[in-house]
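Q: Annotations for this protein, taken from TrEMBL, read as follows:
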DOMAIN    2-79  domain 'MIT'
REGION    73-118  region 'Disordered'
COMPBIAS  76-87  compositional bias 'Gly residues'
DOMAIN    164-300  domain 'AAA+ ATPase'
ACT_SITE  560  active site, charge relay system
ACT_SITE  636  active site, charge relay system
ACT_SITE  911  active site, charge relay system
């Protein structure tokens, strides 16, 4: 039947061409239009692609000719003469002259009218909705970014067969954020955004609706890149053939199909985005036009928690994080719209309370707020009475409380039924693409699980896949589904696996009997010559006079960004064969062969599954260089490895700066390299896998008899300065010299004009002219120094002076001569530039200055305590050199070296301090092979220094601000003293179990961990009694006692005497005060009793306990937070103040 349409169309074309050639344009135009309608109808049913292509080509040609004729007719002219063509072949006559050819084009009034109506659909003011405001929906956001953001910002990505998506259908229950997601697209995209509905495209006039559709797409093409968003598309494009379908509806769908197909047009820069709540109602052909059909489900637990916070915004409230978690868990089945309505209702609860209140209290800022009758300062008065007194503007509703939410949630019900969800999920299985928010989770199995794994030996992976298949509620419930979900499996450090799970699946696993814990994998950011001299390591006689130990069996595992094996810092001269206990291997990869491993670098691995599962393929980062191997493409891992165990290399510097002999703290130690970090980020899943392998590689049993034989421990290290500065001073035209700090190897031959950054941005002044051949002064921040120097170089500047007081002592490198100055120098520079007509300055290359004072100081960037997880453990534990450290570097990495290739580099960070302390631990292990990790940690902590080189307490850079153990822990690492600490705080498996009891571990968890029933006691032993080298009590409610045990390591009998620096507001007594030891290895216990007589008001008070035998000083910092004071303690202190006899309260 459809062939009749084609024949009728051809007949109309013949007549149209005949009239056209005869110059009868008024007759030709409607004939062309009739022909086009029949051709359009035929195209819908034609199956042969070649015939379809031929008709489409003719359709375009006739349409173009019809538009030309209409333009002539609308202008009212006689029209051009015919050229005498005949038959069905269109002869293109001359049209009316265009602009510039003696006349002007006449505009089509009808088209102008249609377009003016569609102009209102263009979103000209972007909605204030960002990607971060959309909770969850990660797959949808990623797909939209691929289609909208990347093609505009990175067109070079889309070459060859790679093309951006052209049509998206977002479907799901009402109120799940489909329109909200579209608003985020409108905000984030640098594109013209058309937002249309059925009312914009449906007209009562015959033929006008499809013209609106056609014009909409034409406008989108003219404004490309552009996005067409059609909300509730099912109202426009329902199923064809239904009894109630009108001819107008059919024609709209036909036109939409033709336009979305892009017949005769290049639509690569036009994206169609549509949303619907009823996907089954869509016409099948329309559904196929959407190449991405994404299911937007109800928000999960995390998303709902985020929604409550977003909708609450900055409205005053007193909800805690746990309150938000509780609200999210109680609103299972709520849509995003339901949550928004809930919060909107809650926002009025304080208003209702204010209206009904009978008592008000006057706040400190002279505002009246509702209160209870017994609240101090309460006044019996109503809101109306206050308003009558002229105080209406001073009435303030109370903050929103958890009770307000409880009241509203109790009466609200979800608007999406289970039947609605079943329909959506059925459509997803048949046609859709589910937006499941999966993350990498770590799952630790119980001891029973471990024993089962042990019996299977090499079949470990299969068993894990089996357990995972059984545990997870995957739709397929198939073994291959588990294989796809699993990322890593662990068998040495603990028994378990990491897998891509939804939050719901992770929650199901936490309830499994064989699971100890489930936690989400996170991405963690990565945090020399003179430093070892500053630490005094040369004063260790044995260290200073011994050659490289050829038989050294100390192996240091470094989990970082890899290593540059060709560096001289990793030469193996003087080292013997690889220790036999080492069980690892050398994993080859890109530019890393077996030859890159030697007697120094004895093993190498790389891990990327976790990173790629959480962030996508490595190649998608478009970074260079990038090595799929243990080779370091960032420099960080090379730097830390050489700081720990680098070989001795003479005459090393960074362009002459910090010149000297480079060496690691333990140059005889071997290195096992585990590359688990990429692009300065480390996935928990990969780090755990690296730790798991390192335990096995070091020669530990793969399946120890009990889990308590290996206790993992983290020594938390702060960063501090050393007595070295890198000065790059500024010589001004008035002969004054300003002190600057940077790593500047470039010599500025002469002085140049100075200009302030604000002056360069003055009206009428171009950036290029303002900064060209000048030194620019500006303020900066830690994350944009390098970018500023690049920008200024492009603008023609020859130098840069940065005002940045907080980190003026941290060396940075720039692409042009640059230096940082403090606020004092900045004020002097500003005064000079204001008073001098033509101010000039010259930046000199960096000089290295040693023996600076005071040093050490805690670095400005070093993180501080308290420990938010286990509050009775003082953190950090120790501080070490972390500012301006020179060590080996990857020569291919130039982003951190101002585009210069170097073999050694100077950088700062806590990542520089931990290698120093790790090297000290390696030295201690070589001298004391029998010491446990806890004993080594104790030796490092109890011998630390708390005074700088001016004999004052260590301060915080840059102003010497007073510090506490929350800044530096036990103090600055002292390798010499740590070798012979005198006393050690050690712990055993019993201590670990007691500590776990104090943290609230359940009986089931403890049984899974230990394989035995554990009686924690009621109450359990407090965590402050864990045998830690420091003493912390985070919540002191009255008097209490703390217990510790020390082990003596010495040759002769000796007596240690206790001394206490009394904390403010607390009386401290140690029992016994003397500890007499007769032989090495002997243990003795003591008690430290605290009697508080003054509340510390929520802050800690610090002092220390020191054991001294005349040779060794074993110091433990004390940190106390006094929450309440008992009455008998107060009376005791009053009696003492009047000189009465002391009462023994211990």
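Note that Cβ sites are derived from N, Cα and C of the backbone, with glycine treated the same way.
Small disclaimer: the values here were computed from a predicted structure and weren't measured.
Context for these features, please: burial, neighbours, distances.
A: Under the three-state DSSP scheme, residue 560 (active site, charge relay system) falls in the strand class.
In the three-state DSSP reading, residue 636 (active site, charge relay system) counts as helix.
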Q: Looking only at Cβ atoms, how many others are within 10 Å of the one on residue 560 (active site, charge relay system)?
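A: Taking all protein chains shown, residue 560 (active site, charge relay system) has 24 Cβ neighbours within 10 Å.
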Q: For the domain 'AAA+ ATPase' (164-300), how many residues does DSSP put in helix, in strand and in coil?
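A: Counting residues per DSSP class in the domain 'AAA+ ATPase' (164-300), I get 57 helix, 28 strand, 52 coil.
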Q: Quick one: average pLDDT across the domain 'MIT' (2-79), no decimals.
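A: Within the domain 'MIT' (2-79), the model's average pLDDT equals 78.
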Q: Measuring Cα to Cα, how many Å separate residue 636 (active site, charge relay system) from residue 560 (active site, charge relay system)?
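A: Per the Cα atoms, residue 636 (active site, charge relay system) and residue 560 (active site, charge relay system) stand 7 Å apart.
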